[in-house]
């Protein structure tokens, strides 16, 4: 049978990478102690008894909780200040929250169709790559590596540390070094949990969802109590649209960016499609349930805020939920910072989980180092991808503590690729009209989304040219990297040898191997190759 030809890039090496069947052998050769040898023999038996892969671990309830926990993170406790500041009035701020929820639901509908049509982990990276080609997919991955996920996780981790330290510094701001150190500890601890066990990571997700739901339920209930007592001055139409600064279309666009950060995570299930049980049913079900629930929670949480605080008090607060609790809960106000800390802790966990799967998918496609596509031989967790995920997070958290600038920064880039992905849905309908689509939505919805997308990007770039322009410039640096790293195939032999040695060393340190992957388009050929045992890697 003709050997299977494999394309290599700067991020892989032409040297044979250790597979699941050969890793125990080279580890035994390296560690000739009796105890290590026995362990390797046991692992060798386990590895040959079943193929290593990422297993479907999320049933319907866990799927809903994962999506809900990823969406409800730090945003609802941070973004209200940013939304109100740019919206210029309470009434417009509430409209922004409702509109952002509706647009998020439309985007989720489009992603639901793409998720079951292209059932691959990696989310919009996989969709953009398959529809528009390797360069577009690589740029999505590049900006996610350098900007989106490090910034997002840094914001959530900094919010966590801010709420944890607030009770210790009630009359002043917590020290910056303390915020950064605690954020780094949070990231490292949750990285270890995700490396140790997928089950542990999902348990953390499920348990800490209770913390955020407790905090938000408490806020909403207290808001209704305030309304029943007649404290709804800022909700009356005559006062809701009183401005504390002039309306500006560019600033309103920025308020949508701030609000979209709170809704961020609505597409995270698309990054773990291969780990969902029955994704054709559970993926759209989780999206259809979670988005309306989150929209309801966010709108009424903001309504509750303005029943206890004036716009000026809200804008002056660095911890909106804590200020709300201090005004209404009295001696029990300590409940609020603890609940918010639990909420953001779970948000960091969910973001780490899904972002590591994106980098795993990128490495599997040859757009990132091949090592990042490997998983632990016993725990089946993508340890290299998780370690790669957390490294820039700590750097981002240590460089900047200005949360609202970070939100504008990441929101612009996120929306840019949301629109590209939704446009890809239309392109795919034209290019592949007969493709099997378990879910098929009207093209009216992606068109509406793209119109809002164009408005948001144009006016955001007008209002924050430096922040948004920096994000675009960083994205474009990925073009030469793509052509040098991926498109150029014939690398110097010394580079391949060096890359191979580094890969082997990291495999030994992390005890990871390349997993078995399915190729749905060529199942018969794959099965035949596996039976014959003649799949060969060749040099380009």
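Note that Cβ sites are derived from N, Cα and C of the backbone, with glycine treated the same way.
Of the listed segments 499-519, 520-540, TrEMBL assigns region 'Disordered' to 520-540. Among the ranges 369-388, 469-488, the one that TrEMBL lists as transmembrane segment is 469-488. Remote same-chain partners of the transmembrane segment (328-348), defined as residues 6 or more beyond its termini with a Cβ less than 8 Å from a stretch Cβ, comprise 69-70, 72-74, 77, 153, 156-157, 159-160, 163-164, 166-167, 186-187, 190, 204-205, 207-212, 214-216, 218, 222, 226, 265, 308, 319, 321-322. Fewer than three CB pairs closer than 8 A are found between the transmembrane segment (247-266) and the transmembrane segment (469-488), and contact between the two stretches is not assigned (pairs 6 or more residues apart). Cβ atoms under 8 Å from those of the transmembrane segment (469-488) belong to residues 9-11, 134-135, 138-139, 142-143, 146-147, 366-367, 409-410, 412-413, 416, 461 of the same chain, restricted to positions at least 6 beyond its ends.
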